[in-house]
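Novice: Sharing the record's features from TrEMBL:
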DOMAIN    A:17-173  domain 'FeoB-type G'
BINDING   A:24-31, A:49-53, A:66-69, A:124-127  GTP binding site
BINDING   A:ASN35, A:THR38, A:GLY39  Mg(2+) binding site
TRANSMEM  A:263-286  transmembrane segment
TRANSMEM  A:322-347  transmembrane segment
TRANSMEM  A:376-398  transmembrane segment
TRANSMEM  A:405-429  transmembrane segment
TRANSMEM  A:435-457  transmembrane segment
TRANSMEM  A:497-521  transmembrane segment
TRANSMEM  A:561-584  transmembrane segment
TRANSMEM  A:593-613  transmembrane segment
TRANSMEM  A:625-644  transmembrane segment
Amino acid sequence: MAHCHNTGLKMDIPAGARKIVLAGNPNAGKSVFFNHFTGLYVDVSNYPGTTLEISHGRFGSDVIIDTPGVYGISSFNDEERIARDIILSADTVINIVNAVHLERDLFLTQQIIDTGVPVVVALNMVDEAQKQGIEIDVDLLSDLLGVPVIPTVAVRKQGLDRVKKALAAARPGNIDAGLQQKLTRLVDRVGSQAEALLVLEGDPVVAGRHGLEPGGEREEIYLSRRERVNDITGHVVKETSRGANISSILGRWMIKPATGIPMLALALWAMYQVIGVFIAGAVVGVTEETIMIGKYEPAVRGFVGQFIAENSTPGTILIGEFGVLTMTVTYVLGLLMPLVVGFYFFLSLFEDSGYLPRIATLVDRLLTGIGLNGRAVIPMILGFGCVTMASITTRLLSSERERRITIFLLGLAIPCSAQLGVIAGLLAGVGPQYAVLYALVILTVLVIVGTVLNTLLPGKSAELLIDLPPLRLPRMDNVLRKTATKSYMFLKEATPLFALGALIISIFQVTGILTMLQNLLAPVTVGWLNLPPETATAFIMGIVRRDFGAAGLTDMALTPMATVISLITITLFVPCIASILVIFKERGRKEAALMWAGTWVIAFTIGGLVAQLSGIFGNGNAARGIPLIIAAFVTLALAVLLTCRFAKKPKNSGAGC
Amino acid sequence: MTLDRVKKGQHIKILSIPDEMIRAQAIRFGIAEGAIVLCEEVVPAGPIVLRKNKQEIAIGRGLANRISVALN
């Protein structure tokens, strides 16, 4: 590559090809441009260390690279860092601007212009702007920015060909004279105006690359850029009318608790019907039972069995009960893939329609108590699908502290869909009062542990500060593409982990460690949890796959109370081995080991507490003790909440709660 | 007064934002110090939603109580 810095991505860029980069705010419509320009030949690559996928494709003899949607380029989060590096390496930038949000979007436009790169601006969604009574003087905008501006309606393919033609006319735009002077002074030392700009704006990464101290002028530059942009907007925009439309009224309802909570409940119910009932039942029935266990596993056993005996050690590891070629493949393709696709479909739907940031706003209050903000609702919802998938998604949270709390709570108290199915089945058999007990105990544990972590962990979590984009009907092609790339990226990253997990478990099985662990655990299950010794087997099997653990209980003749105690313990107990591996990968060895040990301690403490309380309150009749056990847990939760509130206040001068 | 005390429907002027990162982010959203915005919604005990022209942002309460504003 001709550039001194690369984008951090593995891309085949032919010699002599220009790098044309698409940049814009979130929801500006970049992907429609990308698809129109590149056609079929698109490569998606994962940016190292993130779940972000970057698409690039050929455009004639040149290369088009997409970037994540950002409001500006710096080092505030992964999206920005990636967008920054790709834009810094660009030969030309096509900046897609949302005509409805000109004032906000032009900040990024002006920042890109300040880097000195040739730019073409695509003024997108002009039809929507017109509908809302916004008139934009395109020629004047082009004059003021100093770059070509092409009005477009990308979803209807209007103006796209004009943008293509305008690429030849792309040119560096107008820069504030004072800023230009400062940049020119620095260019000699860092080589390019773009890098000079980021150094001046105090970007620590870019400054570090040149061995310079980051500059302290970000705020000054930002403010004058904001002023310049407001001035431009003031000159080119004429607003004729302004009335509330249906989407803005609906958007309001979504964040008010009185209307927002029922709407969220409805959305989650729809999600449950599609994923929990249809996919987990009908679809997985076909993919897991009929195809994988019915057809694939016997075939692979027969094939491998020709060379290796199934009951030999390598046979057990490859095609045994937990074999890498049998269980892993069945689990990943038969069970996990349909569920992951279902969850990512809903997530993409909520994201594309603009509902997701409104959910975050609605639930923000609940999550601040446990040291998180509204954005953490995304991994929390995904956790009910697959804890491994959700743990990877914690990368989108803004601080280490939040990632730490979320990953631990996911591993501890969120049952994944595979497990939920079995748990729901078992609870249905014991009566509603036991189901309530189960749900409330798990919920109080989540609240207590979250609150305690929030109090004990040093530092402060980031507060919510998010953009609420206008609501719109989701575009199905967008949603489906997002679902496909996200599911593919997850399976690509997680499959080796599931295989490694299966390998570890098979080795444990062959060497007898699995049996040893079960025997080790048996005294605790009998003496402290008041459960039969065989339940220890179910707990250990929960490490293999979470649903194995719960399913193991189905065959045992347990009293209703014993069923609930084992379900509570198994839910809180260590997550499946693939999740554990993700926790190790994300959090490092020391912290992950601590979390892993923590789940053991908490699971058996809480399970035992319920068992002992049931013995004391129940007095021979287990059902009679339930309200008292619930009361005890709620009291405990309240006591912890009050203590933590009290403990936190003096230190943080009231900022904590 | 601080932003968390603002009522729905009030027009306010942002006087100061505490944290440097948040200030930078707010400038990008067009809600910099000195900007006049409308309080669009207050989620009880939760975030405050501000609006300037077509731009809406939600601000967590813990942050809102550190942002000082004046009625406009």
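Glycine is treated like the rest: Cβ placed from N, Cα and C.
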Novice: Test of understanding: applying the rule of at least three C-beta pairs under 8 Å (pairs 6 or more apart in sequence), is the transmembrane segment (A:405-429) touching the transmembrane segment (A:593-613)?
Specialist: yes
Novice: Any idea what the model's mean pLDDT is for the domain 'FeoB-type G' (A:17-173)?
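Specialist: Over the domain 'FeoB-type G' (A:17-173), the predicted model scores a mean pLDDT of 88.
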Novice: If you measure A:GLY24 (GTP binding site) to A:GLY39 (Mg(2+) binding site) at Cα, how many Å is it?
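Specialist: One finds 20 Å between the Cα atoms of these residues.
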Novice: Among A:263-286, A:322-347, A:405-429, A:497-521, A:625-644, point out the range having the most Cβ pairs under 8 angstroms from the transmembrane segment (A:561-584).
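Specialist: Looking only at A:263-286, A:322-347, A:405-429, A:497-521, A:625-644, the most contacts with the transmembrane segment (A:561-584) come from A:405-429.
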Novice: What kind of secondary structure is A:GLU53 (GTP binding site) part of, going by DSSP in three states?
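Specialist: Once the DSSP labels are grouped into three classes, A:GLU53 (GTP binding site) ends up as strand.
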Novice: When DSSP states are folded down to helix, strand and coil, where does A:THR38 (Mg(2+) binding site) land?
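Specialist: DSSP assigns A:THR38 (Mg(2+) binding site) to helix.
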Novice: In Å, rounded, how far does the Cα of A:GLY39 (Mg(2+) binding site) sit from the Cα of A:LYS30 (GTP binding site)?
Specialist: 14
Novice: At the level of the C-alpha atoms, what whole-angstrom distance separates A:ASN35 (Mg(2+) binding site) and A:MET125 (GTP binding site)?
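Specialist: Spelling it out, the Cα of A:ASN35 (Mg(2+) binding site) and the Cα of A:MET125 (GTP binding site) are 17 Å apart.
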Novice: Considering only Cβ pairs within less than 8 angstroms, which of the stretches A:322-347, A:376-398, A:435-457, A:625-644 has the most against the transmembrane segment (A:497-521)?
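Specialist: Highest pair count goes to A:322-347.
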Novice: Enumerate same-chain residues with a sequence separation of six or more from A:MET125 (GTP binding site) and a Cβ-Cβ distance below 8 A; give 'none' if the list is empty.
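Specialist: Expected: A:GLY29, A:ASN98, A:ALA99, A:VAL100, A:VAL153, A:ALA154.
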Novice: Through the lens of DSSP with three states only, how would you label A:PRO68 (GTP binding site)?
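Specialist: A:PRO68 (GTP binding site) sits in coil per DSSP, no helix or strand.
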Novice: Can you see whether DSSP assigns A:MET125 (GTP binding site) to helix, strand or coil?
Specialist: coil
Novice: Counting across all protein chains shown, how many other Cβ atoms sit within 10 Å of the Cβ of A:PRO68 (GTP binding site)?
Specialist: 21
Novice: Give the three-state DSSP assignment (helix, strand or coil) for A:LYS30 (GTP binding site).
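Specialist: It is helical.
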Novice: Given the binding-site residues A:ASN27, A:LYS30, A:PRO68, which one's Cα is the least distant from that of A:THR38 (Mg(2+) binding site)?
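Specialist: Ranked by Cα distance from A:THR38 (Mg(2+) binding site), first place goes to A:LYS30.
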Novice: A:GLY24 (GTP binding site) has how many other Cβ neighbours within 10 Å of its own Cβ?
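Specialist: Summing over all protein chains shown, A:GLY24 (GTP binding site) has 29 other Cβ atoms within 10 Å.
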Novice: Could you list the residues of the same chain, at least six apart in sequence, whose Cβ is under 8 A from the Cβ of A:ASN27 (GTP binding site)?
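Specialist: The list for A:ASN27 (GTP binding site) reads A:GLY69, A:ASN98, A:GLY354, A:PRO469, given in order along the sequence.
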